[in-house]
């Protein structure tokens with residue numbers, strides 16, 4: 001059988017008068033046109049978004065009909081859906097003429113060809129250049145017998161099609177009412193298209209059909225597009241509705257960002273059928289989601305408005321109605337203590353008899369959960385603290401100290417941080433008894449014995465010298481001398497080690513000499529000062545020679561580090577800067593540490609620490625005892641005076657004679673009843689302050705001289721009758737034996 005292919009034109013202009021644009025009938029009498037659509041006015045142009053112009057065909061009466069211009073033709077508009085984003089229009093059916101069963105007409109191969117019916121309207125719309133595309137609800141239909149229709153896209157590819165068969169002459173009429181494949185076929189039409197052509201072919205010739213008893217008719221096969229929701233298929237000169245999708249512009253939401261035309265409470269959605277976007281109201285809102293840029297043209301009801309469902313449904317709620325932002329946009333609620341759907345025509349609100357049980361159970365579970373959570377939190381915190389304490393213990397040389405303990409080399413106690421926190425009330429500021437360059441000293445009470453101790457919290461520790469620090473602590477723990485503050489123990493569980501000493505209650509020598517607020521008897525007498533000097537010298541000599549196998553250099557001897565007990569007995573303290581000097585060495589090289597005014601100039605220049613560095617510092621302490629003045633003071637001219645330098649210059653000027661007494665505290669000379677012991681101590685201080693360390697006496701020699709001087713003073717009833725010019729050579733024989741005996745008794 002010969003096949004004949006007839007192609008549809010992209011569109012056929014309707015021949016009716018409605019296709020002619022007559023400005024006289026296009027007046028803006030159409031109401032309720034939502035933005036982005038707008039009525040085109042020939043004087044003010046369009047009120048719409050570009051491409052969404054509508055025309056109003058005023059026919060008198062109450063209004064006019066809306067039309068849209070597509071392909072040069074005005075198409076009737078049935079419905080505009082902002083929510084669905086589509087437009088329903090009426091178009092003439094696209095009549096595609098294939099082989100007609102007539103005896104007249106042009107024939108080809110025994111098949112009659114009908115080239116058209118006069119007055120026929122319609123054709124597929126060419127939507128190119130418009131914001132419209134074909135909607136997915138449209139169906140492509142074919143009415144006819146033994147015909148095949150093929151739909152092609154712009155590239156010529158087949159995208160849809162169907163075949164209609166007939167077995168009798170009445171099948172086509174049957175197909176008009178029930179399209180089930182006999183005399184009619186229907187198939188889906190792809191969405192998102194703007195252009196398509198139809199190819200209609202006969203699949204049986206007239207002779208073959210005649211053999212089946214089909215008689216020729218004058219009707220032709222017909223193909224057209226129609227809204228799939230239509231139930232009537234009458235096609236003779238009846239326009240059919242189709243659905244067109246529309247979108248704004250040709251850019252996605254990601255491309256336009258915030259430059260879209262969506263209004264408040266609306267959001268941008270990408271078009272599903274192509275380029276562009278659509279606007280949708282947010283959940284719980286309804287209305288027109290598009291924002292009209294011209295506020296004078298915008299309708300009052302435009303924009304997304306909150307859905308007030310309770311306005312219509314509140315009367316059905318037994319207590320209260322609440323709006324919400326999802327479907328259904330309202331719900332009835334019950335008062336506290338009740339349950340139910342809250343509806344009058346439903347369960348209503350009933351008192352929940354189990355609510356108390358539920359609340360009690362919930363409360364109990366909450367308490368248990370909080371208790372468990374708090375317990376877990378505390379355990380985790382304790383575990384973290386234990387790990388941190390263990391970390392600090394190892395960093396501060398704890399393993400090395402334990403080794404000394406196991407070897408019975410450490411004669412003090414290792415405290416835990418909890419013990420010291422309890423002793424000092426968590427290191428409360430009210431327990432601070434002193435602050436120095438190396439740390440802060442707290443007063444504490446160690447339970448259960450109730451011993452009062454002094455806890456020194458250093459400011460820093462040299463991590464590279466931890467091993468040396470532990471060795472020095474071990475040495476200090478072995479020192480037992482009545483004039484040395486006893487080291488009771490240490491704590492290594494903090495970032496900086498803590499040292500625990502015996503507590504001395506009567507303040508420092510510096511406070512007694514330079515502060516009037518001390519609660520003791522007041523001014524220190526000459527006899528007390530001489531005793532303090534002697535005891536301090538003996539303590540330093542003990543550290544240098546007899547403390548242990550390794551000599552200990554204090555390195556920060558000053559009046560503030562000499563404590564006094566209730567009997568004004570001297571106690572050398574604060575070994576934070578102390579260093580050990582090996583027996584086979586005369587000095588060690590260290591960073592310079594000490595207190596300005598007491599610092600050995602030779603040590604400051606060479607960084608070589610020797611025992612003679614302590615001798616120089618002790619010489620400054622002797623000057624404090626002799627003058628009752630501070631090592632550094634400000635003159636009336638604003639300059640800083642160094643007492644040691646001034647004293648040495650004065651001694652040179654006076655050549656060590658009685659005139660030097662003018663530099664000293666005159667009250668002491670009166671108390672001593674004679675100038676000789678005071679001058680003797682001044683001469684000793686002069687030798688201690690010698691700039692050359694080799695020319696200074698040792699602390700043992702200093703202690704011997706002071707001990708002998710003090711014994712002579714005690715044995716003499718009248719110091720003024722004694723004129724003794726003392727020198728180390730006159731005292732070294734007998735007095736050293738006396739010093740050793742007293743050291744044995746007092747140690």
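Cβ atoms here come from the backbone N, Cα and C positions, even for glycine.
In TrEMBL this protein carries:
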BINDING   457  ATP binding site
DISULFID  262-279  disulfide bond
DOMAIN    249-294  domain 'EGF-like'
DOMAIN    427-709  domain 'Protein kinase'
SIGNAL    1-18  signal peptide
C-beta crowding around residue 262 (disulfide bond), within 10 angstroms: 23
Structural state census, the domain 'EGF-like' (249-294) (DSSP three-state): 4 helix, 16 strand, 26 coil
Residue pair residue 279 (disulfide bond), the residue listed as 'ATP binding site' - Cα distance, angstrom, rounded: 70
Averaged pLDDT score, the domain 'Protein kinase' (427-709): 84
Residue 457 (ATP binding site) versus residue 262 (disulfide bond) - Cα distance in angstrom: 68
Protein Cβ atoms within 10 Å of residue 279 (disulfide bond), excluding its own: 22
All-chain count of other Cβ atoms within 10 Å of residue 457 (ATP binding site): 19
DSSP-derived structure type at residue 457 (ATP binding site), helix or strand or else coil: strand
